[in-house]
Amino acid sequence: MRVLGVDPGLTRCGFGVVDGGGGRTVTPIAVDVVRTPADLELSSRLLRISEAAESWIDLHRPEVVAIERVFSQHNVRTAMGTAQAGGVVALAAARRGIPVCFHTPSEVKAAVTGSGSADKAQVTAMVTRILKLAAAPKPADAADALALAICHCWRAPMIERMARAEAAAAEQKRRYQARLAEVKKAGTR
């Protein structure tokens, strides 16, 4: 499974591609950070991020795009910019029919380091070790993008099993409600 991991941000947006093999085998394909100047208009910054995402998707052909979920930050303005950057990346993937999965920072940290409260240095060290890289990816946004891709490779089987279980439960509920409606209808005759 080829995964494009994206650590969204307006100033620095990390992109990392890995191929996931059997078990926990992951192979690095590419990593980079797209920067946008703070003095550009918001729309121009988002356009640059969108164009970069489209380029990465077209070049690397991922089967899924994994994006960091923004759930809260102390700085509302930063959180909004991060969410907007993630949104344009998700849109670029959706336009190409590629599924998008969002993972929280604690899910990514737990998957890669074993601790949901790991710091950036621990995440970078584990990404470097897992991918057998000669040097740590820099800046941290690059390492985070690779961590997102690794996280998705490792969590995808569980996510698929849960989706199947939820679909089966929904179908069972639908059949039960249909049967219940039949019984009620027969009882009113």
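The backbone N, Cα and C atoms fix where each Cβ goes, and this holds for glycine too.
The annotation active site is assigned in Swiss-Prot to Asp7 (among others) on the grounds of sequence analysis. Counting every protein chain shown, the number of other Cβ atoms lying within 10 Å of the Cβ of Asp7 (active site) is 28.
Within 10 Å of the Cβ of Glu68 (active site) there are 26 other Cβ atoms, across all protein chains. For Glu68 (among others), the entry in Swiss-Prot reads active site, with the evidence type sequence analysis.
Of all Cβ atoms in the shown protein chains, 26 besides its own fall within 10 Å of the Cβ of Asp141 (active site). In the three-state DSSP scheme, Asp141 (active site) falls into the helix class. Residues or ranges marked as active site by Swiss-Prot: Asp141 (among others).
As annotated by Swiss-Prot, Mg(2+) 1 binding site applies to Asp7, Asp141.
Taken residue by residue with DSSP, Glu68 (active site) is part of a strand. Residues annotated as Mg(2+) 2 binding site in Swiss-Prot, with sequence analysis given as evidence: Glu68.
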Inter-residue Cα distance where the pair is Asp7 (active site) and Asp141 (active site), in Å: 6
Between Asp7 (active site) and Glu68 (active site), the C-alpha gap once rounded to whole angstrom: 6
